[in-house]
Amino acid sequence: MPSNKSVSDAPIVQFTNCRILRDHQLQREDLWVREGKILNPEKLFFDEKGSADVQLDCRDSIIAPGFIDVQINGGFGVDFSLATDDFKSGIDLVSQKILSHGVTSFCPTLVTSPPSVYHQVLPQISVRNGGAHGAGILGAHLEGPFISKEKKGAHPEHCLRTFEAGAFQDLLVTYGSLDCVQIVTLAPEMRRSSEVIQELTKRGICVSLGHSVANLSQAEEAVQHGATFITHLFNAMLPFHHRDPGIVGLLTSDKIPAGRRVFYGMISDGIHTNPAALRIAHRAHPKGLVLVTDAIAGMGLAPGRHTLGQQVVEIDGLNTYIAGTKTLSGSVATMDTCVRHFQEATGCSVETALEAASLHPAQLLGIEHKKGTLDYDSDADFLMLNDSLYVQATYIAGEEVWRQDVLGM
């Protein structure tokens with residue numbers, strides 16, 4: 001057998017008998033992995049004269065990039081918006097548990113909270129690679145407190161804030177630090193929001209529009225200043241109106257700067273958006289759709305009372321409400337469930353459903369050169385799924401980190 005030692009001593013693993021999602025299509029070919037990266041087999045054969053050290057038969061599975069959840073408030077009894085002494089063990093637990101749902105990277109999300117919570121929690125969140133310990137952390141998503149009182153949803157009104165004379169300085173004082181922050185959701189109709197959007201964008205932080213009563217021109221202005229995302233489209237914003245479609249109108253706006261794409265999150269759990277609304281959004285702007293779970297601490301737990309930051313919420317089946325009300329407050333859906341529901345509701349292709357949870361969030365965060373695809377040299381974070389899109393195994397950096405036990409397959 002030709003030697004692989006000329007370039008690296010690391011073993012080469014060849015995944016055979018599979019269909020790989022690459023270039024927007026499922027392709028019948030093998031996947032080659034070395035040192036946590038996807039290998040180009042042509043270079044391996046012709047330049048290195050190398051071959052596989054290990055071959056794994058995938059039994060006709062689909063191999064797709066790992067899912068990326070950019071809005072998840074917690075799960076399995078852990079609430080990212082609660083400052084606790086064992087916060088780190090809580091985030092470790094969630095990152096471990098979501099591997100079984102195909103999530104290989106995520107943005108822990110904090111809902112509107114008092115400044116003291118941000119000051120305690122944010123220093124405990126650090127960007128890190130995934131592995132056997134759990135999914136990778138891409139940075140925090142701060143949803144609020146600079147949002148609209150009228151569209152606060154499950155966010156506590158007494159913690160909401162506006163931008164005063166200092167604007168960006170107000171934001172810094174509230175959060176304490178932006179070191180690990182990846183996304184900030186704010187309401188663009190707020191006075192001085194434009195300068196805040198520009199400052200955040202300058203620092204490489206993604207600005208998302210949400211919990212807002214903005215009209216379309218205010219939303220377009222925010223995009224012109226750098227905003228690129230819409231937080232859970234249709235939820236906590238003005239409903240679509242034909243004379244002024246509000247933030248929803250960004251999906252077909254002709255005022256988006258050239259070369260810029262606006263992405264939008266959708267909670268495809270069968271509760272937050274009617275399947276017809278999901279279809280309308282997808283058909284209007286398919287390349288911008290990003291599936292998010294918006295999962296709360298109660299995900300993975302029995303119905304009953306749980307928390308979402310400063311609020312008590314009740315889980316009733318798949319519905320989650322602020323206790324004593326009918327105000328929806330996050331979801332208990334897992335990402336693989338959202339992918340399956342999205343495909344079923346829209347009738348889209350398997351490839352499209354999988355890319356909405358992998359490629360699109362990676363593009364939103366500007367990390368598509370290493371995550372969200374199975375292109376050569378990208379990170380070997382991927383899933384094995386059956387034809388019904390149930391996850392059979394999860395891999396991070398080419399290592400198996402979760403597998404469905406045989407009896408459950």
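Placement of Cβ uses the backbone N, Cα and C atoms for every residue, glycine included.
Taken from TrEMBL as is:
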- Asp294: active site, proton donor/acceptor (ACT_SITE)
- Glu143, His211, His232: Zn(2+) binding site (BINDING)
- Ala154, Asn235, Ala236, Arg243, His272, Leu328, Ser329, Gly330: substrate binding site (BINDING)
- 62-401: domain 'Amidohydrolase-related' (DOMAIN)
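On the structure: features taken from TrEMBL.
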residue: Glu143; record: Zn(2+) binding site; contacts (Cβ under 8 Å, 6+ apart): Gln71, Thr109, Leu110, Val111, Thr112, His155, Thr185, Gly210, His211, Thr231
residue: His232; record: Zn(2+) binding site; contacts (Cβ under 8 Å, 6+ apart): Gln71, Gly210, Gly265, Met266, Ile267, His272, Val292, Asp294
residue: Asn235; record: substrate binding site; contacts (Cβ under 8 Å, 6+ apart): Gly153, Ile267, His272, Thr273, Leu328
residue: Ala236; record: substrate binding site; contacts (Cβ under 8 Å, 6+ apart): Lys151, Lys152, Gly153, Gly210, His211, Ser212
residue: Arg243; record: substrate binding site; contacts (Cβ under 8 Å, 6+ apart): none
residue: Ser329; record: substrate binding site; contacts (Cβ under 8 Å, 6+ apart): Gly153, Ala154, Ile296, Leu308, Gln311, Val313, Thr320, Tyr321, Ile322
residue: Gly330; record: substrate binding site; contacts (Cβ under 8 Å, 6+ apart): Asn73, Ala154, Asp294, Ala295, Ile296, Leu308, Val313, Thr320
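Cβ atoms within 8 Å of the centroid of the Cβ atoms of Glu143, His211, His232 (the Zn(2+) site) belong to the same-chain residues Gln71, Gly144, Ile147, Gly153, His155, Thr185, Ser208, Gly210, Thr231, Asn235, Ala236, Asp294, site residues excluded. Counted within 10 Å of its Cβ, the other Cβ atoms near Ala154 (substrate binding site) come to 24, all protein chains included. Within the model, the domain 'Amidohydrolase-related' (62-401) shows a mean pLDDT value of 96, rounded to a whole number. A simple Cβ count within 10 Å picks out one of the binding-site residues His211, His272 as the most packed, and that one is His211.
Most Cβ neighbours within 10 Å among the recorded positions Asp294, Leu328: this distinction goes to Asp294.
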